[in-house]
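Notes follow the structure.
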Amino acid sequence: MSPRRLLVAALKEHFVSTPLPIQTNRRRRRRLNNHQQDTGKFRSAVRHFGSTASVRGTMGGSPGRNASCILLFIVLLAGEHFRCVEAEHCVWYGECGESEKVPGKKYNCNYTGPPKPLPSEGYDLLTELCPGYDYGNRSLCCDVNQLNTLKGSLQLPLQFLSRCPACFFNLMNLFCELTCSPHQSQFMNATKVDASNVLEVQYYIGKTFANAMYNACSDVQAPSSNVKALSLLCGKDAKDCNATNWIQYMFDINNGQTPFPIIPIFSDVPVSGYTPMNNQTFACTEGLEDGSGPCSCQDCAKACGPTPVPPPLPPPWTILGMDAMTVIMWISYMAFLLIFIGAILGAWCYRKRTIMSEYGPILDSNNPLSINSNNPDQANASCCETMGERFENSLRILFSSWGSFCVRYPFSVILGSLILVCVSSAGLIYMRITTDPVELWSSPTSRARQEKDYFDSHFGPFFRTVQLIITTPLNDTFMYSPYFGGSDVPFGAILDKDILHQVLDLQLDIEAIVATYKGEKVTLEDICLAPLAPYNNNCTILSVLNYFQNSHAVLDHSIGDDFFVYADFHSHFLYCVSSPASLNDTTLLHDPCLGTFGGPVFPWLAMGGYDGTNYNNATALVITFPLNNYLNDTDKREKAKAWEAEFIGFMKNFSNPNLTIAFSAERSIEDEITRESNSDISTIVVSYAIMFIYISLALGHIQSFRRLLVDSKISLGIAGILIVLSSVSSSLGIFSYFGIPFTLIVIEVIPFLVLAVGVDNIFIIVQTYQRDERLPQEELHQQIGRILGDVAPSMFLSSFSETVAFFLGALSNMPAVRTFSLFAGLAVFIDFLLQISCFVSLLGLDARRQEGNRLDIICCVKLPEGQEVKTDSFLFRFFKKVYAPFILKEWVRPIIVAVFVGMLSFSIAVVNKVEIGLDQKLSMPDDSYVLDYFTNLTEYLHTGAPVYFVVEDGLNYSSTEGQNSVCGGVGCNNDSLVQQVYSASLISNYTTIAFTPSSWLDDYFDWVKPRSTCCRYYNSTGAFCNASVVNSSCVHCRPMTPSGKQRPVGDDFMRFLPMFLSDNPNIKCGKGGHAAYATAVDLYSNNTGVGATYFMTYHTILKESPDYINALKMARELADNITQSVNHTVFAYSVFYVFYEQYLTIAYDTALNLCVSLASIFVVSTVLLGFELWSAVLVSVTIAMILVNMFGVMWLWNISLNAVSLVNLVMSCGISVEFCSHIVRAFSISVKKNRVERAEEALAHMGSSVFSGITLTKFGGIIILALSKSQIFQVFYFRMYLAIVLLGASHGLIFLPVLLSYLGPSVNKAKVFAANQRYVGTERERLLNY
């Protein structure tokens, strides 16, 4: 190389190594003018340099050296001038041959001449695409055809990225410089050309520019897909995308858009003589020169304020590091023990000192402080006592007269009872059994129910779901090594191709299932969700196999040779999980990822058991078939259920050793509950049979073996049971007349409850009669009347208390609780009425049979007369002689109080720890296939249920203010609906909102933009013209004017919205709203306005009841915040809200129901105990203790608080009355000298009847429930019923007598005086001295 050329090259390298300043749009406009000034500048520089040289020469420089310098400078400057002139030429111009690798695309023509003026027909297009070049003579390196190709290629990026003006401006800058820049040769190098075509170019891009462009676009959202836009435009998941691989993907020939390779080279300094394109960029927080605002917070994280931080979880309430309630109750219990033991010791010492004194006996009998004092004869009765005695006497007289009448006219009473029962029970022909879970658990007036009804009426009911969760027993993990480099990727066994083929076979078999309904064939296509129908009738199937178009051939598709596989199902899978909406993957396969139904299959919905977003590690496949649901079309709904039944049968018979499948259909839970109820019928029947047999045998008091069949009361026992069942059927019938449906809970629980109440009363009546002796000159009807007068007030007290308590419980908002309370209250009261009428008549008949020595059941057979000594039953003697004296001993009573108060303290400490909710697994039988589904659902799934934020009718979307309050794009409010939901998704662990919401409004704005090819119409008819239509009469909806670039408002908004909602997405327009939003917008008739709309996202994965409850609570809080900021009603809706809403207030509802029941029991007890307030207090306190202890048992036995357990708690409140009220009333009318003796007498007389009646009867029946296959029976019936009986019996027969011996009410002197007059010479007088 010559010295000149070496010097020129060296100086040239110096010049081009200096970065050019960043060019702005204004500078770019001056480029073509700069060349005209270069020659003048050159001459000036030479003159300037010559003059400078002369000066240096005069200062002593060598003339020869100066001449050399002048020559060198001239040569070098000329060389630089020639480089500048060289930079003015193009690399291409126009389009030539067809691309060999991308059909339908053309190569650009090889051209190295100067830029050419753009023809006038391209001016508008240039203004639309590259407004920076719209100046002067518009001399460019592209023609109109290239501009049209550029516009077509950028349609998808335009539709997804134009939400952020700065992002799209930078992107257009990149492509406009590439396509049309008059300075192409400065940063482009055609590395492969043929005679007329450019086959490959290098594009030198500044790193600064590339990074700035990526940063401006990295947060832009794709609302219809709930993902970032770069996931759809980068060829991989947005989190794996960066500036370099995004631009490489856009210029990759494999993306289906680039007709020839464009190799980007990134540098901020000149490389190989080329100056990288480093134009000015705009950050997403900056507005553009055309007036466009900065990007929204949703599309630009830097435009947001600080990232929301969830509030810290409230710390647990502790004292000294221990649970506060435990500490408080422990201290309280210790304090109680100290005070109680001190009081006992003090009273004992005082009594002992008094008795040892000279006047001890006298003082003791009159000492008002003595625990066991209360001589009824030492004072006259008070006014209140007299009124109580008169009230009780009135009841006694009333019931005595009625009992006497029933015995005297038994057949009339029995016939009348039968007529009333038959008339009432006839209502059962109108009965309706509610099995719909929504009707069972959600009140029609509840917020969730009203919101569900609103959603269903405006958008249609939530679709029915058929779902499979597929795993494999194989544990092989295989590695995939990408041919084009990159680290090895592990794949789980479930993603093995052979396994996928087997799963696809199963999926295709399910699609081919044919059911029959009313003689008509029903296929999946008849009932499935097909969002693009009628243009595309393919069913929505959310399955990994839809990445392969549900085709074995596509799954087997691979590209390779004899030595290597370049692309196969591995590479396609990895691409599709990052870009599920793609119509063309970037691998050599070029297969679509979009499902055959026209929508994307998001990987988090189609796979499970993966970590993070490494879907290749999935251990489960999830296949979901959404089916149409029908609000008011029973036939179509039944067709869907018929197909589901066929599907369930198919899956039960399906077997594949390589697949483990858990499955469920929409009808599965209801079917299994029905099957469970039917399977438990035998258990229930056995349970009741045991109780019936016990009652029939235990009622009789056998005097001797000879009189076994005479003294037995099997027939009377059966009659008593029939009376109980009659009361239940009458209650059901009466409410059926009024159209009130009943539930399975009513059928399962109420017979148990009424049997408990009814059997107790039966035993009291019969055993009192058996222990009684007829007075002289007293007839049978008088004796039974007198006995009924004694015991009926007690029966009336318990039954009426329960009835009032249950009817007040019907005030509950929970349908299951309300229905149970209504039916139970009426059944208990009817049972009481039948017992004091029909049963008393039957008792009179049975007594005559027994007195006539006739055999039970076989009444026509008479036993010979014989002398028999009447004795008391063993149980009565045991209670009288052993049990009652023992528990009321001086040293036993304090122990009993200490134990029961300890139990109470423990229960109070854990009452707030009882879990709220209902594990749905408990509602299934032990052998149900749905249990496996629930287990897999919890173990594998990563995404929760969809949640819709519904904007109620009335918001003006045609106004800018209305739009800004909802949308999430440029210019939208920072507290808009979409923005608030987006912000909530950033802290999904707290809010349970998993993703940014899909926004029809934002997608509509992108769809209608004038730059987009989406919104077009026929200028002749005004009808919509789809983007895929090629027709010259199709024109853009909005002009490329400043106003046309703005959002549509007013009439324009409604003019194009119906077109958007009917547009199917395609490769030229991915924003069509038909698939994603057809049901999201409820338009007024004739498309005159927008009614209700919704914005959908997803909850995070929800596994247990507390998760669902928290999700509902958080969604409502968010919706309430949105309502305040939008100033319009917005609510959150998800399909499970109606079931879990009850748990938001169940603690309050439980407390209210139980308190109201207790209050009613207190009031009724006060009145019916003869206005003895303190007796009613003791009854209420004991029942309250039983209820609190029930919560302790629930915590110990893992029984959660829900509607079922609340029904049982309300029932336990009623049954507890049976355990307590009879004892308290017997205590209040006792005429013994002191509290201990009165408690002993009450326990002996009523305790044995309560124990033999309700306790033993129920205990035998409950034990059988433990054998049930139903988990809900085992937990909520066996465990809770057992707890109710044991706690009720222990409190009523152990604690209550002791409590009465300490704190029982003073004897009613008026009652004692009346009783002494009444009991002279009766059996009671004998018993007083027994």
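One-based numbering along the chain as shown.
In case you wondered, yes, glycine gets a Cβ from its N, Cα and C as well.
Curation plays no part in TrEMBL annotations; they are all automatic predictions.
Pulled from TrEMBL:
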type     : residues  : note
TRANSMEM : 327-350   : transmembrane segment
TRANSMEM : 409-431   : transmembrane segment
DOMAIN   : 680-845   : domain 'SSD'
TRANSMEM : 681-702   : transmembrane segment
TRANSMEM : 714-738   : transmembrane segment
TRANSMEM : 744-766   : transmembrane segment
TRANSMEM : 820-845   : transmembrane segment
TRANSMEM : 891-911   : transmembrane segment
TRANSMEM : 1151-1169 : transmembrane segment
TRANSMEM : 1176-1197 : transmembrane segment
TRANSMEM : 1203-1221 : transmembrane segment
TRANSMEM : 1242-1268 : transmembrane segment
TRANSMEM : 1280-1303 : transmembrane segment
Contact call for the transmembrane segment (681-702) against the transmembrane segment (409-431), three or more Cβ pairs under 8 Å: no
Which of 327-350, 1151-1169, 1176-1197, 1203-1221, 1280-1303 contacts the transmembrane segment (1242-1268) most, counting Cβ pairs under 8 Å: 1280-1303
Per-region confidence, the domain 'SSD' (680-845) (mean pLDDT, whole number): 82
Range from 327-350, 409-431, 1151-1169, 1176-1197, 1280-1303 with most C-beta pairs under 8 A to the transmembrane segment (1203-1221): 1280-1303
Distant-in-sequence neighbours of the transmembrane segment (409-431), which means Cβ under 8 A and at least six residues beyond its ends: 726, 729-737, 739, 741-742, 830, 834, 837-838, 840-842, 844-845
Long-range environment of the transmembrane segment (1280-1303) - Cβ separation under 8 angstroms, sequence gap at least 6: 371-372, 752, 884, 887-888, 893, 896-897, 900, 1178, 1181-1182, 1185-1186, 1189-1190, 1193-1194, 1197, 1199, 1205, 1208, 1211-1212, 1215-1216, 1218-1220, 1223-1224, 1227, 1235-1236, 1238-1240, 1242-1243, 1247, 1250-1251, 1254-1255, 1258-1259, 1262-1263, 1265
Outside the transmembrane segment (1176-1197), six or more residues from its ends: residues with CB under 8 Å to it: 900, 903-904, 906-908, 910-911, 913-914, 1154, 1158, 1161-1163, 1165-1166, 1169, 1205, 1209, 1212-1213, 1216-1217, 1219-1221, 1224, 1275, 1279-1280, 1283-1284, 1287-1288, 1291-1292, 1295-1296, 1299-1300, 1303-1305
